[in-house]
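Annotated in TrEMBL:
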DOMAIN    26-76  domain 'FHA'
DOMAIN    130-178  domain 'FHA'
DOMAIN    215-451  domain 'ABC transporter'
TRANSMEM  544-563  transmembrane segment
TRANSMEM  583-614  transmembrane segment
TRANSMEM  626-647  transmembrane segment
TRANSMEM  659-676  transmembrane segment
TRANSMEM  737-755  transmembrane segment
Amino acid sequence: MKRLTIILGSGAVQNFDLEKCQKNRIYIGRSREKNDICLASNIISSSHGVFLKTADGISYTDLNSRNGTYVESRKGRALLKNTKQAVALYSGDMIRILSRKHPESSVLIIYEDEQQEKIWDKYFLGKKEIKIGRGSGCDIIFPEPYVSRNQCGIVPSDDGYELLNYSRNGTLVNGKLIHDKHVLREQDVIQIYQNILIYTDGKLFYKIEADGIQVELQHIDKFVGREKKQILRDVSCQIGSNEFIAIIGGSGAGKTTLMNVMNGFDDDFQGKVYYNGIDLKKNKEWLKNVMGYVPQEDIIYENLTLYKMLYYTAKIKFPKDMTSGEIRQKVLEAIRVVELDDHKDTLVRKLSGGQKKRASIAVELLGEPKIFFLDEPTSGLDPGTEQNLMHSLRSLAKNQKTTVIMVTHTTQNIHLCDKIIFMGNGGRLCFYGSPDQAKMFFDTDDFTDAYIKTSKDAEFWKEQYDGSFVHQDSYPEENEENDKFKKEKALLGRQFASLLGRSFESLWNEKNKLILLLLQPALISLLIKIVSDEDVFKLYESTRNILFALTCAGIWIGLFNSIQEICRERKIVKREYMSGLNLGLYIIAKFCVQIVISLLQAALISGIFFTAIGTPDQDLGFFKNAPAMFLTTWITIITAAALGFLVSASVKSGDKAMVIAPFLLILQLLFSGVIFELEGIGKRIADITISKWSIGAYGTIANLNSLDLKMQKDFPMIEHETEALYKFAENNLMQKWAVLAVMLLVCLIASGVILRRVAKDKR
């Protein structure tokens, strides 16, 4: 519906339906006889301007009026005066007619191109403050989760009324970001995400924007590789709000590449992508707030119940001021929309393939996205499940007011889509339109024939399509003011608590893994007992060998505790990172779980070791030998776990992590200084191994330097040369622990830094 909302300086509001008017030229002005829209204002000329209806849309021309006309788009403000220039209008553009002498007579006209009529609500300002935000106590409520509970307020002032910003991200007034306060002038436009409020004559006009995003692609080209191979060729199309769109085509046609351009994941392309007229490339950080993405692989935590998985995700994603009750309501609503009410308390790993796909969709629905992308959502599903999912996606577009765009290779249920984008070989756009139009265009009732035709001669079909549909540049350049608009972050404390709770609950629900983690150190301790002899803590060789075995066991346990922890969740981390996840908190929360697990493992391995083998005879000053050995075992395990985190953050799969693990273990063995006597570069490498400092700590506690060598039994005149590494002193033990602690911190910090590269992962 193409319509004008006209707000006069007096506060009167007029609505004009451009589509119901049969004329192609619609005149506005003060004269009733000359104009289709009569504006009773003394600053309006007799014939002020004209709206032109063409096949390409609506445009406006000023008719040499006395005061001229200001056209405000997202590019900025342009004055039309003494010119016959026609300016194309797009939904949300504003026309202002102003006069410095008579500001009270100003006129504001808003052009809207929407699928259904929306009525502007009116709120009368009084002597008390009115509050605007998401909270139930606000006077004007915008329910989106990314709107602050108390976004802003409007209070009386000496100059009329004043806007007070309460949001950390600020509030837009006339396209400018306000962080503190702003004196409201006649017909100021307040923008809170996609919601608009207009101040005029002591009143606010507003409406809740519920529609999905309109997307326009303009001349998209994409080149890859050193040879600059072109994989997208001059792709242009316009997608309406709340439409269900399928991108189809053969292998190598550029389907996923095109979707990655449309959702902002890939910004290395030529051309323009606009969301409701906003340049996606320039404003990706802001626009990702209204975007949802479900990859082909279901990237969800399988060791939690559906409800708990969504609940923890919501707590991480949502702003700090959203209460637990609101979060619970959002989670239950997402579950209802994807029709999984009966599986709310089911572990995700027990859901069927189709149900897991719905669960993945529910994760993104938490943020109430206005545009939704799905990569092969029906892949691997049986025909019945596929049809049900397609019906659900169509319902999502129509009932939840969300633009849905999916990549698919199946066409069995393609008739449920509003439109299809048919890509041919080499990234050529061969068709864009409804499924019925596609059948007429390709002269077939079977889309398989269209696949064959476009694979044989994609260039021919691109030319046929280009000859049938005219593509013109539509949207103007975007005002870079929006680049400053940042998404409000969730409170770090609550995000950390949510990450920590999710990590512990996920591990608790994975009982088999937990049992293995605790069984492993017990078995290793028993194996160490088998290879030990009665000379442990009596002779140097026997003692050092058994302590080295204890060192290797700690490194092994810690490394394999953690080496797959991050990489196996990498896709989930990427999705959450793009939604505001703090990677540092993610690493710390994960590591807290490792701290607890390693404490239990150290207690098991130490307890069995002390019982089966014993402890050193002499305490090291303040440090009692048993607690000191336990602490060394724990520090060894947890430092190795930090090293495992570093590897896990650096690779993209568990398989790659496990390939690296043996190399790290061999490195610890070779450069521990126990098996080989090291010189030169070998000593330098040893300095960065966990094994050197761990065996050094154990050897210090056991006072290895005081123990006799085996050969001294037969040759008592041989002297045991002392080693500085095992000096029996408290400060020496503290030094070993300190070095291990530094290694731990370095590995954790490096893990967080390296993990930031997850944003560049290819889908």
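Cβ coordinates come from backbone N, Cα and C, glycine included.
Curation plays no part in TrEMBL annotations; they are all automatic predictions.
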- prompt: In terms of Cβ proximity under 8 Å, which residues at least six beyond the ends of the transmembrane segment (544-563) contact it?
  reply: 517, 520-521, 524-525, 528, 531-532, 536, 590, 594, 597-598, 601-602, 605, 609, 613, 633, 636-645, 647-648, 657-658, 660-661, 664-665, 668-669, 672, 674, 690-691, 694-695, 698-699, 702, 704
Field: Chain residues outside the transmembrane segment (659-676) and at least six past its termini with a C-beta under 8 angstroms from it
entry: 544-545, 548, 551-552, 555-556, 559-560, 563, 643, 647, 651, 682, 685-686, 689-692, 695, 725
Query: Near the transmembrane segment (626-647), which residues from the same chain, at least 6 beyond its ends, have a CB less than 8 A from one of its CBs?
result: 550-551, 554-563, 565-566, 587, 590-591, 594-595, 598-599, 601-603, 605-606, 609-610, 615-616, 620, 657, 660-661, 664, 690, 694, 697-698, 701, 733, 736-737, 740-741, 743-745, 747-748, 750-751, 754
